[in-house]
Amino acid sequence: VTFRKGKTPRRPGPKKGSNVEKDPVGVYCRIRPLGTEDQECCVEMISNSTIQLHAPDGLKANRNGEFKEMQYSFKKVFGINTTQMELFEDIGRPLVEDLIHSKNGLLFTYGVTGSGKTYTMTGSPGEGGLLPRSLDLLFNSIGPFQAKRFVFKPDDKNGMEIQSQVDALLERQKRDSQQSVPRTPSSRLKADPEFADMISPEEACKCDNVDDDCCYSVFVSYIEIYNNYIYDLLEDAPFDPIRPKPPQSKLLREDQNHNMYVAGCMEVEVKSTEEAFEVFWKGQKKRRIANTQLNRESSRSHSVFTVKLAQAPLDADGDHILQDKNQVTVSQLCLVDLAGSERTSRTRAEGSRLREAGNINQSLMTLRTCIEVLRENQMYGTNKMVPYRDSKVTHLFKNYFDGEGKVRMIVCVNPKADDYEESSLVMRFAEMAQEVEVARPVDRPICALAAGRRHRNQAFRDELSRRLEERGNSNNAEDPGLLNQLIESLPPIPRCELVDPADDQTLPNLIEVLERRHHIRQMITEQFNQTANMLRSKLQQFDSQIGTRETFIQNQQSKISEKDKVILNQRSEIDRLEKKSKTLEYKIDILQKTTDMYEQDKRSLQLELETREQRLQKELSERRRMEQRMQGMVTDTKLKWEKECERRVNAKQLEMQNKLWVKDEKLKQLKAIVTESNSSCSAERPQRPSRERDRDRNMGQKRSASPSPVTPPVRPTHRRSHSCGGEKWVDHKPSTNLDLDTVMQPILPNAIKVSTPNEKALSKCHKYVLRHQELASDGEIETKLIKGDVFKTRGGGQAVQFTDIETLKQENPTAPRSQSLEDEWRGTESTLKSSVKFTLSVLVLVQCVFCWCCHLPTLPKEPKLVQ
Ligand code: ADP
Ligand code: MG
């Protein structure tokens, strides 16, 4: 463990270190009540941290409403009803607590003259300000733990030395001999009436967490800075009222730790609030006298009251202070009552007074500039030089801003209209000052010695005195008995009266007794010494035991601190891991969510795909069905139209052939006439072919037989018996045919019945008949018997040559006869009787039938038709 050297204030830490914790300058605002003579109030407290400045009526009129209502925010605003006690609890107490815990503090009041700076800092009887309250709190807290006077001694270089008890005692005696009157007033009553009862006893308070294993000493100093000169207000310079000499100003110096201090400034050790008050009062009186003597204005000077607290740990016994300068810690609290911040013009000063005022102003200007530059450097990372040296005030407090400490500023404001402009300037500066940050003071290292030393020592002392008292009481009771015993144990002294000059017995006897007594005494002394030595060695043994115990305890403590460190490390590691796991969990969460989303997407897409596939399938099958239907329709239509074409062609051909036949007939008749006239003998009239006669005979029948062509191989005549003759027939009846209850049915014995013609059947027969059904024009089904001869082809197959067609048809006798092709044919039948033409037409019909209805692939088409 290292101890810091005694210094004031403590050495600034490494400024640039990024891990230095910083606090902003704490700026508070206090509004004083409006004076009785003042009417208009320009300051309004909006909240407990914000005030609003209203421009006075006159100003508004003059500046044409240019002045807005401005708001300023501070750490806290204290309204007119704030008591000194409340203010102290908020602002002063933390600073005093810091002071006790070896941390530096700076508190200053800022504002225009009459705004209540002095009232806030010093206060008035019954309403003590921050200064007396701070002292009171300090002494109430450290009171019983204060070191004896002169144990701590300032070394004139801003350091603190420690004196031995003896030196301190000597110095105390020296001082007492020099002073006739005792310095420390025994009670508050003895204090100067002006400063008596600053704080009522019921308002007294104290800090709780004071290290009682330390010894404390308080030193106060009081300086005034006027016209940029520093004057020591506590200096014991003889003052000549007749010929006053101007006081000697002091210089600022830098100590070995680069802290600024007023060289040669009196630092008075004080042991109680009252004593400290008295010293302060002494300085105050001196200030007042000097001001009147030198015709100065007190509002133009800055006053700095510094409370310095030196502390050092008690030794292991808890009995005395450790005699080690390195273990002394010094902290200080500066209470500054700044000069009024108003502009020179307002004071209507002249000549040297004006110059002085200018200087005072200059110092406040410098303070503002320093704060501005500091703020700029901190906010924008610039490295501008802060002009601390331009004035004594800023130079003196340089270390607070550069080093470490707690800085607090109370901005006092008088709400009266006259102060409006100055107050707004003050507010602007104060608001800006809040943006400056000061390094937070670090905690003092813990002392290696076991805590509670003072307590144990006290308990030991109490116990010792109690025992001594007990012992003393019993000693008094036992003493005569012990003495008597002792005396009795000694040989009695014989009678030693010499009556006879020749007595040579008495003296030798006496000598012998005395010698024996001397011997016994020596023995007792020896025994005592022995016992003492024994006791001493026992004590030493005990001491060494205690020493080893202590070292053991120290070891254990250091181990504990090591373990503590390990625990701390592990804790931070755990923290880190926990944080990491949290972030990971968060990431996992996000990923899980994303996965869920994707899966949902996937599912919906799959669903969509399936429905689309189904739809596609449906559409496909629909299309196929449609295709089939269309194909069927196309085939039907094609068939229909081809038939129609065929029919028309046939009709036309028949018509033409008939015409041809008629012409032929006429020609024959003409020829016959010619020959008849030539041969004069009668000749037979040309007859219609026999076929015609057959036809005429069959005319009455319902069944109409197709006329056969005359030319071979077509039979010239048609007989029904042909179909039932002795030849073997292939009876081709397509499976689509319906069984009709027509009376006339062909009878084909020995016929091979087939639904589709095959080569096997054809090879066995010579004749072929096809039963072909179709819808007639009158809606009745007619069956046609298409007959042919089977003959062998050169390639080894069979071919059918059609020779005849018979039509079997039912007719409704009541139904009107439609003008069909057949009727037309019958109409002309009587006149057109050429079987040749007829056969042709039948063949054409047969081709049609085979091609479109029976699908007989083996049947030759074109060549047969030509025949
Ligand atoms: P400054 O030091 O700023 O010039 P002072 O502290 O001397 O001003 O105050 C001027 C007058 O106003 C004094 O008489 C003081 O008692 C009075 N005063 C200032 N502040 C208050 C306050 N908060 N409450 C009551 N009186 C106040
Ligand atoms: Mg004042």
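Cβ from N, Cα, C; glycine included.
Just so it is clear, the model here is predicted, and its values are computed rather than measured.
Cβ neighbours within 10 Å of THR113 (ATP binding site), excluding its own Cβ and spanning all shown chains: 20. DSSP assigns THR113 (ATP binding site) to coil in the three-state reduction, placing it in neither a helix nor a strand. Per TrEMBL, the feature ATP binding site maps to GLY111, VAL112, THR113, GLY114, SER115, GLY116, LYS117, THR118.
Look at TrEMBL and you will find 560-629 tagged as coiled coil.
Under the heading compositional bias 'Basic residues', TrEMBL lists 1-14.
Sequence annotations record features per position, and here TrEMBL assigns region 'Disordered' to 1-21 (among others).
Among the features that TrEMBL reports, region 'Disordered' is placed at 172-191 (among others).
Per TrEMBL, region 'Disordered' is recorded for 676-736 (among others).
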Task: Extra residues within 8 Å (Cβ to Cβ centroid of GLY111, VAL112, THR113, GLY114, SER115, GLY116, LYS117, THR118), ATP - done: ARG32, THR109, TYR119, SER299, GLY340, CYS412, ASN414
TODO: Going by DSSP, give the three-state secondary structure for THR118 (ATP binding site).
DONE: helix
Task: CB contacts for GLY114 (ATP binding site) [other CB atoms within 10 A, all chains] - done: 18
Task: Cβ atoms near VAL112 (ATP binding site) (within 10 Å, other residues, all chains) - done: 25
TODO: Could you tell me which of the binding-site residues GLY111, THR113, GLY116, LYS117, THR118 have their C-beta within a distance under 6 angstroms of some atom of ligand 2?
DONE: LYS117, THR118
Task: Of GLY111, GLY116 (the binding-site residues), the residue whose Cβ has the fewest other Cβ atoms within 10 Å - done: GLY116
